[in-house]
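What Swiss-Prot says about this protein:
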BINDING   HIS82, HIS84, HIS252, ASP326  Fe(3+) binding site
BINDING   HIS82, HIS84, HIS252, ASP326  Zn(2+) binding site
BINDING   ARG91, TYR154, HIS187, GLU255, SER331  4-imidazolone-5-propanoate binding site
BINDING   TYR154, ASN328, GLY330  N-formimidoyl-L-glutamate binding site
Amino acid sequence: MENSKILIRNAAQIVTCHGDKARRGAEMSDLGVIEDGAVAMSDGVITHVGPTEEVLRNIHAEDYLEIRAENQAVLPGFVDSHTHFIFGGYREEEFSWRLRGDSYMSIMERGGGIVNTMKATRESDFDTLWDRGEERLDELFSMGVTTVEGKSGYGLDLQTELVQLRVMSDLNESHPMDVVSTFLGAHAVPPEFAGRTDDYVDYMIEEVLPAIRAEHTVTFCDVFCEKGVFSLEQSERLLRAARHHRFKLKMHADEIVPFGGAELAASLKCVSADHLLHISDTGIKRLARAGVVATLLPLTAFSLNEPYAPARKMIDAGCAVALASDLNPGSCFSASIPMMIALACIYMKMTPEEAVTALTINGAAAVGRASEIGSISVGKRADVILLKYPSYKFLPYHVGMNLVDTVIKDGELYMM
């Protein structure tokens, strides 16, 4: 439903998550909650935020579509800052193998894993990838996600990487959600470069990066920096080349073993370092010092039955922590934002306040958009969600249940 002016009034809580940059350490506990609050928006932009009586004194309420939210909490739209939602095929057999005890890396080493999805994605046409991608965006949108990051990395050649990124660009134009695109050509080494990882990195740098940049639709470059995949030196070489082409930088770091990926991300001042299940204490300190967002993916640790990233230690050390789904066909075939929040609180020892911050303003910072989205602040885009309950604390408490009642995206109203 479209309306140029919307007023949410008498909300049990307006959870503002105020600010225009990532919140670090103890700052993550400050949600800026307004009780009996109101939010006014016009032409897709937030114009007034505050106690209901104050907002009503400053607007002509009769000009607005009113939503009375006496028993509802109102939050910024969620930002899912790490996904791989465009892919062909599925890997349900590999999930069964992992249940029998096979490790993620052992499956990858014998031709499964990412290369398995690469084959299916290369065989998929644009329309099929688009249709499946739209379905996944719809699922995320229904759970309150208004901005999503999506990675390529299942083509591992120029042609298919471009197809993945063009699908994301097209969905960004056609779907209510915003899609922030990331080039992840260095996700694995394809069979045609087996045993020649340095040559593959050269190919990425010399041929693929310039062609991706020419598309003018891709914001980030990412790399899977991991033992047995891309070394620290190879990762740094690729990321420095990407920066030369004016990409912002991300890293998959320290997911499988302690590898020094977080330290590299800090030295390169990446926007975010992601996964971090096996980050070192030194890596934590350097991420905090460098201001790199630590994007943690509890659904993946759950799906792989691996130890969770040390969120509590990171926050206490002054890191800015974000949470994301890591939706992908292999290590985490789930987009369950509600389950992710519960896992973060129960197993990673994050408080409900920290989890909300991690999925809003810090998620926005992880995609370089904290000045536009991620908080209910005057001048920001009108990306707002209403819950079915009167407090944000129901998010981890009502485990695994979708509590989103209404989504407002760019000032347009969607009833879930």
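Yeah, the Cβs are placed from backbone N, Cα and C, and that goes for glycine too.
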With every protein chain in view, what's the tally of Cβ atoms within 10 Å of the Cβ of HIS187 (4-imidazolone-5-propanoate binding site), excluding that atom itself?
26
If you count the C-beta atoms lying within 10 Å of each candidate's C-beta, which of the binding-site residues HIS82, HIS84, ARG91, HIS252 ends up with the smallest number?
ARG91
List the Cα distance (Å, whole number) between GLY330 (N-formimidoyl-L-glutamate binding site) and ARG91 (4-imidazolone-5-propanoate binding site).
6
So if I draw a 10 Å sphere around the Cβ of TYR154 (4-imidazolone-5-propanoate binding site), how many other Cβ atoms end up inside it?
31
Report, in whole Å, the straight Cα-to-Cα distance of GLU255 (4-imidazolone-5-propanoate binding site) from ASP326 (Fe(3+) binding site).
12
Additional residues around Fe(3+), ordered along the sequence, whose Cβ is within 8 Å of the centroid of HIS82, HIS84, HIS252, ASP326:
THR83, LYS151, ASP274, HIS275, LEU297, THR300, ALA324, ASN328, CYS332
What is the interatomic distance between the Cα atoms of HIS252 (Fe(3+) binding site) and ARG91 (4-imidazolone-5-propanoate binding site), given in whole Å?
21
How far is it from ASN328 (N-formimidoyl-L-glutamate binding site) to HIS82 (Fe(3+) binding site), counting Cα to Cα, in Å?
10
What are the other residues, in sequence order, whose C-beta lies within 8 angstroms of the center of the C-beta atoms of TYR154, ASN328, GLY330 at the N-formimidoyl-L-glutamate site?
HIS84, PHE87, ARG91, ILE114, THR117, GLY153, PRO329, SER331
